[in-house]
Amino acid sequence: MAQLSTFRQALSQSRRPLILAGAGLSAASGIPTFRGAGGLWRSHDAMSLATPQAFRADPARVWAFYHYRREVCLKAKPNGAHDVVARLSGRERAKEVFPSAVDVPTFVTQNVDGLSIRALEEGEKAPIEMHGSLFRTRCTSCGTEKPNFNSPVSAGLVGTEDLSKEYRAVPLEDLPRCQERSCGGLLRPAVVWFGESIPELSRISQHVQRADLVLVLGTSSTVYPAAGFASEVRSRGGKAAVFNLEGTLGSSEESDGDSDWFFRGPVEEMLPWALGIKSSSL
Ligand code: NAD
């Protein structure tokens, strides 16, 4: 297959590979994607749940939704695609797949589900979670941000998907509070909401500017700035490979419009195949 051999050649020549992931990476773990069929924001109004204004107006409602999402993610397990990317984030496996690379690939994920972190083994580099994490909280008063795998909602707030039916208000003082010294400020999920800036953007941009090969895994490439990374790399002469169940605008059998290689199919199967990694060796 012509496209596989040219792709493998690009892997072996890349000095600064970049991996960008979206919700499709976690689909096989049972986490709903964003806009696809069954997607999260098809059944929920993003503007009433994932904005700073929504949180100010009704923090209990927003926490109920995020509490529900955290529970779904905690029950889920990393899948084969998370495992492959995690192994590539370790020096040994990175050297096999990217023998010319100066370091392990930079891995940027748009996902907030924590699964790529949970897939890591010792010595493997953590991804940059560009849209934050469901498993971190930030204080709205002192700004302290911390990992938080415990349920911060202990005060009887039921995590619920169907906010119209099951949601019940919890008094403000019973919502999760900052434990730093005597702060006591209201905690919020440390995710990047619509209309907010991306704290890691300048670090990510540096990596994108240097990358010569980008693997785009399971993202519909509709949310900017991540949606523009592949074309930015290509505009400087770099290459892009897209792994997705379906093509986006301008796609054909072998190209996804804005890519040099298009691997159509489940990323958890196509990625190890295209990289030549046996799932038994993960
Ligand atoms: P999206 O839903 O817009 O796109 C998902 C893409 O994945 C689609 O193009 C779909 O065809 C593809 N896909 C689905 N299953 C796949 C599979 N098994 N293999 C390969 N491709 C598959 O999601 P997005 O592009 O990541 O949208 C960006 C926003 O969605 C981000 O801001 C992210 O924070 C948010 N989000 C994250 C999660 C999560 O953390 N898992 C879940 C939902 C939304």
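Using the three backbone atoms N, Cα and C, a Cβ is placed for every residue, glycine included.
Note that the structure is a prediction, hence the values are computed from the model and not measured.
Marked as active site, proton acceptor by TrEMBL: His131. Taking Cβ-Cβ distances under 8 Å and a sequence gap of 6 or more within the same chain, the neighbours of His131 (active site, proton acceptor) are Gln110, Asn111, Val112, Val191, Val192, Ile198.
Counting only same-chain residues at least 6 apart in sequence, those with a Cβ under 8 Å from the Cβ of Cys178 (Zn(2+) binding site) are Cys139, Ser141, Cys142, Thr144, Gly184, Gly185, Leu186, Leu187. TrEMBL lists Cys139, Cys142, Cys178, Cys183 with the feature Zn(2+) binding site.
The annotation domain 'Deacetylase sirtuin-type' is assigned in TrEMBL to 1-282.
Taking every protein chain shown into account, Cys139, Cys142, Cys183 are the binding-site residues, and of these the Cβ with the most other Cβ atoms within 10 Å belongs to Cys139. Residues belonging to the domain 'Deacetylase sirtuin-type' (1-282) score a mean pLDDT of 88 in the model.
Taking a Cβ cut-off of under 6 Å from any atom of ligand 1, the recorded positions His131, Cys142, Cys178, Cys183 reduce to His131. Excluding the listed site residues Cys139, Cys142, Cys178, Cys183, the same chain places Thr140, Ser141, Gly143, Thr144, Arg177, Gln179, Glu180, Gly184, Gly185, Leu187 with Cβ atoms within 8 Å of the centre of the Zn(2+) site Cβ atoms.
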